[in-house]
Amino acid sequence: MRRKLAAGNWKMNGTGGSLAELSALAESHAGPAAEILICPPATLLSRAADTVRGSAVAIGGQDCHANAAGAHTGDLSAAMLKDAGAAAVILGHSERRADHGETDAQICAKAGAAIAEGLTAVVCIGETLAEREAGDTLKIAGSQLAGSVPASATGANTVIAYEPVWAIGTGKVPTLAQIAEVHDFLRAELSARFGAAAADGFRLLYGGSVKPSNASEIFAVSNVDGALVGGASLRAADFSPIITALEAS
Ligand SMILES: O=C[C@H](O)COP(=O)(O)O
């Protein structure tokens, strides 16, 4: 049985004052039925980890380098994230693919490094609007999944987040049938690669304009094991009802 996961990606948002939102979240979900993960900017990782210590909320990074150490100005290794208190790391988010030109091969190497360090790799994939309109959604999902997920991945160390690029921060959400089509496809692709039993262990998150108002219907979709939430994860008042909806699903 897969444990549901509510993951929040704060992206490039948040300073010290934002930690009050984390405290509020931890207090209102003391014994959650779902796993809760918040990925703040790297500048807040240590303080966020201190803030949630002893609670049910885990902390994650938003990227890591594939190498363990060295001359990579501005980058952080998986070991550094772990040292700062992270239990997981988001990799291959579409904003990193677009802003930093990250390729599937680079994301795969980062995920392998994160897994080797004991972090959960949250690997993101998803099509652009042009790709969807060209009828290439499943082709893109399949190739990004195959290229970005390392051979060392298991359901215990890797989570897949399906995030259609056109749904991120736009208020546009795919139909429930469109979400189901991709998630069912991803499960089948994982099954073909890792075998049915192993594939069954991977959590598949949906991401893109998830809000308290649409969370319940999305969580009822086949093979949706949780969400990767951006804007609505910044405030406990918004993220909390999403967690509650996931717990009830
Ligand atoms: O990582 C999170 C996603 O990019 C979703 O962002 P959003 O909930 O603001 O649309």
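Placed from the backbone N, Cα and C atoms, the Cβ positions cover glycine too.
Sequence annotations record features per position, and here TrEMBL assigns substrate binding site to ASN9, TRP10, LYS11, GLY169, SER209, GLY230, GLY231. Following the DSSP three-state reduction, the secondary structure of LYS11 (substrate binding site) is coil.
Annotation comment: TrEMBL describes HIS93 as active site, electrophile. Counting only residues at least six positions away in the same chain, the Cβ atoms of ASN9, GLN62, ASP63, CYS124, GLU163 sit under 8 Å from the Cβ of HIS93 (active site, electrophile).
Here the Cβ of GLU163 (active site, proton acceptor) has 25 other Cβ atoms within 10 Å, regardless of which shown protein chain they belong to. What TrEMBL lists as active site, proton acceptor is GLU163.
For TRP10 (substrate binding site), other Cβ atoms within 10 Å of its Cβ number 21. Summary for the binding-site residues ASN9, SER209: the Cβ-based neighbour count within 10 Å is maximal at ASN9. Under 8 Å, Cβ to Cβ, and six or more positions away along its own chain, GLY169 (substrate binding site) finds SER209, GLY230, GLY231.
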